[in-house]
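What Swiss-Prot shows for this protein is this:
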{"type": "TRANSIT", "residues": "1-162", "note": "transit peptide"}
{"type": "COMPBIAS", "residues": "94-106", "note": "compositional bias 'Low complexity'"}
{"type": "MOTIF", "residues": "276-279", "note": "motif 'KxGQ motif'"}
{"type": "DOMAIN", "residues": "329-518", "note": "domain 'Protein kinase'"}
{"type": "MOTIF", "residues": "337-340", "note": "motif 'AAAS motif'"}
{"type": "BINDING", "residues": "340, 358, 445, 446, 447, 448, 493, 507", "note": "ATP binding site"}
{"type": "ACT_SITE", "residues": "488", "note": "active site, proton acceptor"}
């Protein structure tokens, strides 16, 4: 009973103080002050006293206030606002004159619309404070909410509680200043970021056996068939809408909402190579595949189911041994990310170092061939993909690449090499590998902070330009200087940290080397494209075996146009506007012609290379970057020629 009355006292007094603060704020905003403000304060003081007397009498006490004797461990119970004082986030509504020590202190309140921010620990494992703090509506407050511990509401037998209030004055703080502070707080670069699992992700066991995985694809095929029949029936009964647009998702009855849900649900359940292929398609623009199918694969990219605890622990015990947890102080059993091949868990080493543990789904490495075959059969059956988009030789390349991505020991070695190559880089960094917690199916690295680039569209134009500029420079260095490239341009493989103003590079499973015999010719093709030299592009393309020289005119023109479009960005000293140039869309419009008339498959190296280059250009396009590119290529070309001369 005592605890309930104590909480009631605090709430009642707090409401009175909030009312006073609101009244004073509106009076000051309207330019009214003086006697009205003093009267409001007197009224508030009287109300607080009467509430204290009334509730004290209910308890059978004559004293207005006593101490709470509760001890929450001293200063650990302090509240903090997430906005600095200087930004005007904490407002003191006490009078300008010397405070009356007998009157209750005023309540500091964040000047913002709606409730104050909820508690957020400064790190994933930092204590949030005493019990109940995380649900407090007060948010964080720097300084004491009450200037004197004796001013806290209390009654005999209650526990002592400490609150804190910022006593800094707000003299001269205008509504404009407060609005600027509010806008500064809202900017993406000023927020703390922590990666979390998609709200669509569910805990579902990964089907391990090939028969179990085949059953899921078989169920998907049957479901798509029935869904398509239902959609055809709907179309026959439904006319076009008044605007003249089609009443269904697209021309294919297989692309209904119900079928989209079936595809997403199946791929997120089986994961592995099938989900990886869907994620690869998700980073293409709408000119490459049906825009409705692109939306399906975008949902696939953003959400994957995660393993049940028992299945995940079995993988860890098999790979790291039964005592792997002895090396950790903490292990978060629910993952904070789930992808196509594995899921990522937060952990803390004995020394306090926070790490990310990527755990591979069981059975995905052994089922690559069957998964790819099953998914392609389903997609081809439903006519969802452009004809000839995945010829047999490309499928073979994808199988080999996916097998390499399942080798976490190889990925760890690639990450170490990239970390050495970019050591001391002012903008990029590669998280360190934690060798003692790595195995063929477990990869552990230091934890990085930030957010993926698909969430960077709200950043300033200057920051977006800098991010994209550095990504393109890195692409050129990877190919022409390192001869070693991370070829997966997935948004989530680039994490921007606004506090450090750096980009962390993640996921090196798709890394591959490029021989100098390949890059010697390829850089000459880009050189000719930047110079708009169509004949040299043709000659070098034949030398590289892109063309045989016997292609029909329409095929040759499509190939040359695609190369020249790629070189447009490097052709001019003027800023190149990626947001309006539609480089990837122009190239993708030529793909159907090349698929139909190509006589020989392109060099195997170009599949991953063009995926990386096209994905990097697409990042620049999505972020609407605008900067000159000619100088970066000229520098890369000059340095390459110097290294050639020295060999």
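Backbone N, Cα and C define each Cβ position, glycine as well.
So where do these features actually land, and what's packed around them?
A mean pLDDT of 80 is what the model gives for the motif 'AAAS motif' (337-340).
Cβ-based neighbour count (10 Å, all protein chains) for residue 358 (ATP binding site) stands at 23.
Cβ neighbour count for residue 488 (active site, proton acceptor): 23 (other Cβ atoms within 10 Å of its Cβ, all protein chains included).
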Going by DSSP, is residue 358 (ATP binding site) part of a helix, a strand, or coil?
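In the DSSP reduction, residue 358 (ATP binding site) maps to strand.
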Which state, by DSSP, holds residue 340 (ATP binding site): helix, strand or coil?
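The residue in question, residue 340 (ATP binding site), is coil (DSSP, three-state).
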What residues, ordered by sequence, lie under 8 A Cβ-to-Cβ from residue 445 (ATP binding site) and sit at least six positions away in the same chain?
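Sequence-distant Cβ neighbours: 355, 356, 358, 415, 431, 432, 433, 434.
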I'd like to know which of these binding-site residues, 340, 493, is least surrounded, judged by other CB atoms within 10 A.
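Candidates: the binding-site residues 340, 493. Fewest Cβ atoms within 10 Å: 493.
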Do you know offhand how many angstrom separate residue 447 (ATP binding site) and residue 488 (active site, proton acceptor) by C-alpha?
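Cα of residue 447 (ATP binding site) to Cα of residue 488 (active site, proton acceptor) measures 20 Å after rounding.
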Under a criterion of Cβ-Cβ distance under 8 Å and sequence separation of at least 6, what residues of the same chain contact residue 448 (ATP binding site)?
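When sequence neighbours closer than 6 are ignored, residue 448 (ATP binding site) has 356, 431, 495, 497, 504, 506 within Cβ distance under 8 Å.
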With every protein chain in view, what's the tally of Cβ atoms within 10 Å of the Cβ of residue 507 (ATP binding site), excluding that atom itself?
20
